[in-house]
Amino acid sequence: MTIGSMENVEVFTSEGKGRGLKATKEFWAADVIFAERAYSAVVFDSLINFVCHTCFKRQEKLHRCGQCKFAHYCDRTCQKDAWLNHKNECAAIKKYGKVPNENIRLAARIMWRVEREGTGLTEGCLVSVDDLQNHVEHFGEEEQKELRVDVDTFLQYWPPQSQQFSMQYISHIFGVINCNGFTLSDQRGLQAVGVGIFPNLGLVNHDCWPNCTVIFNNGNHEAVKSMFHTQMRIELRALGKISEGEELTVSYIDFLHLSEERRRQLKKQYYFDCSCEHCQKGLKDDLFLAAKEDPKPSQEVVKEMIQFSKDTLEKIDKARSEGLYHEVVKLCRECLEKQEPVFADTNLYVLRLLSIASEVLSYLQAYEEASHYARRMVDGYMKLYHHNNAQLGMAVMRAGLTNWHAGHIEVGHGMICKAYAILLVTHGPSHPITKDLEAMRMQTEMELRMFRQNEFMYHKMREAALNNQPMQVMAEPSNEPAPALFHKKQ
């Protein structure tokens, strides 16, 4: 598919939502409906020295811009590709004497592009940045205060020789960033590393049970010949069959919240009241709050356990932030034990604890206990998420890897195969995560064949292999959730 080609969609007025996009042809699961390059994008302030400012990949060794000493790149190819967007920024940073925050940098990049190309539609865009929603009129007192600070800082940073924009227009751009900023992740999809504006994506409306997902692809510059390079882009991918004329939707937030909580988040962050079927009917809310059936606990017991779980999660967050991982495990075990006679395995409080416990225990290399919690977590997720949900796929992948580390080769292989099937739909076969998962799938398949042929020899060979190479340690647990689709200023 040509990036920027939009023949598969058209803009229409969606009832109760304003503008939206609908399909002009039929699509099936895993189809890429459109791909779009960022209009403008920047790396987060905290990662400017660790992430390429062109492709947003994490690298150990990056080349620094020799002039401003701020921008970092994988290599000369990425640096050359970045120059058009970095040229004005480079001069402005040198003159300003310091690096402004990511919001200021992104606003400036957008306006330098407007200065170069005008305010009309650019190639492949169905909407200009001028016509994107800003919701400035809905900002609360604190947001208005932050906006004034951002505008003042921007005016100090913006070069006097560049085109001068009105205060109203500058405020509009900051509003656009606030409402339409899309989170950019690293090449493994595990960490949010930046934020970008994708105008066409801004036309896709929300649904808590969507028919599409959005995936960030960092592109590939590794080939010797530039003709084989692929560009950094987002891809809108179908999660199942989509009929011609059907509205295209994505979920702006994680589904695993009560409908009332999702609606509250959406109202606060995106200024609209969600009227999707799952919110109107409270679908799956009963599972999110499910209690044991036999014997069924009283409402008072359930209420007390909810409060106890909330208090424990607060203690866990504090312990995690301080790196006290053994304390985290202790708190999880105690709370899960108390929840056992009260909550069912789809209860959100159970699932949150299972997720934390499996992640932290994997990091501590206590794989046997971690694998038990991971299996319970996946069983619960499978009853709640859409079968092709990207977050489900990532969770199943991690659970499969944990079970493989624990020596549960059959369970681990089964989970990795399941995760691979999901990620083929949500990420596509060429995404780095999917490629990693394919390598894992092939390895576990080979080991499973050996296991079935001679279980004793398999365990002897596995033990020898693990003794002769460093154990792969899971990433250190983070308090940060998995990267959300849309970026909100903290």
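Just so you know, glycine gets a Cβ as well, placed from its N, Cα and C.
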Swiss-Prot annotation, S-adenosyl-L-methionine site containing K17, G18, R19, N205, H206, Y270, Y271, F272 - matching residue among H135, H372, H386: H135
Swiss-Prot annotation (zinc finger) - matching range among 52-90, 208-246: 52-90
Same-chain residues at least 6 apart in sequence whose Cβ lies under 8 Å from C65 (Zn(2+) 2 binding site): A71, H72, Y73, Q79, H86, C90
From K17, C208, C276: binding-site residues whose CA lies within 10 A of C55 (Zn(2+) 1 binding site): none
Whole-number mean of pLDDT values that fall within the domain 'SET' (7-253): 91
Largest tally of Cβ atoms lying within 10 Å of a Cβ, found at which of the binding-site residues C52, C90, C274, C276, C279: C52
Y270 (S-adenosyl-L-methionine binding site), number of other Cβ atoms within 10 Å: 19
Rounded inter-Cα distance in Å - R19 (S-adenosyl-L-methionine binding site), C274 (Zn(2+) binding site): 15
For N205 (S-adenosyl-L-methionine binding site), the three-state class that DSSP assigns: strand
H86 (Zn(2+) 2 binding site) in three-state DSSP notation: helix
